[in-house]
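So that you can see what the record holds, here are the features copied from TrEMBL:
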{"type": "DOMAIN", "residues": "1-80", "note": "domain 'THAP-type'"}
{"type": "DOMAIN", "residues": "126-200", "note": "domain 'ZAD'"}
{"type": "BINDING", "residues": "C128, C131, C173, C176", "note": "Zn(2+) binding site"}
Amino acid sequence: MVRLCCIPICPNSKADHGVACFPFPADAELRNKWIDFVGGNPSKFRWRAKFICADHFMQLELLDINGQKALMEGAVPMVYSPDDDEADELMDRNDVMISEKPVKPGANSSTVTSETVEASIELRSLFCRMCLKKGLGLIPFNSKLHNANLGDIIYTVTGLKVDIDGDLPTKICADCVGKADLAFNVRMEFLHHERILQNLINSNQLLFHYQSYDNHRQESRSLNKLYLNNLMDNIKQEEDMVTTNTTLSGIFNQQLHLNNESRVVDFTENMYLSEIIKC
């Protein structure tokens, strides 16, 4: 029995080129990840007697056992094309699929319809749902971020319910995940401090917080501690600079003067200058 890759735009789906093809795993959870890569609906996708070739797996997940290719346990297909040349070829094939005139119904109309549906499913899995850009290595919406589905995080941040039914894209790119992550962190940070404020108001501790803050400064518990702590330190240093009526040019002139006379410079000032130069 000849094994062909079930991904329509893969060269190994048309003919046997000697590339190893692997059947869908028996484990339901792992199998759903494979189906998600293909772009199908796990509840409707007919996975039996279908295969995915080795070109769609990372090299680290491929084993060579007695001259035969095998997969590591838990391997998931993540590569749409093994190199840039094939990526260009696949993109050209996609353009042909989009621009083709509809095939007139005939004796083999059912076969054409099935292939067209699979091609449509594959195409939508190549586009980011949020920015609508085409790319490789897109991330499924059922992936986890902060112990929540990406779709739920998008909804929390934007109010958009990500619907992947029909012809809509089924995945999201890394850039959009980064933006959603940043927005999610900012939202959670602000809500956290709003709860602190309400607790201070309810317990009549707000005035005490104002008066005792300088003497009892607490470490920030933000979701992005390093970034916010550095930001607050910079703001504090800028406030100190305004208080002492020291200008930026004066600081540099003082630094040059002290270096020329080989005098010891205050460590805090050096740290501030380093931050200014980095900016």
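Using N, Cα and C of the backbone, Cβ positions are placed for all residues, glycine too.
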Note = Those same-chain residues, other than C128, C131, C173, C176, found with Cβ within 8 Å of the centroid of the Zn(2+)-site Cβ atoms are R129, M130, L132, K133, G135, L138, I172, A174, D175, V177
Remark   = On the domain 'THAP-type' (1-80), the mean of the pLDDT values is 84
Request  = Report, as a single number, how many Cβ atoms besides its own are within 10 Å of the Cβ of C131 (Zn(2+) binding site).
outcome  = 14
Those residues of the chain, 6+ apart, with a Cβ under 8 Å from that of C176 (Zn(2+) binding site) = C128, M130, C131
Request  = Tell me the Cβ contacts of C173 (Zn(2+) binding site) under 8 Å, same chain only and six or more apart in sequence, or just say none.
outcome  = C128, M130, C131, K133, G135, L138, I139
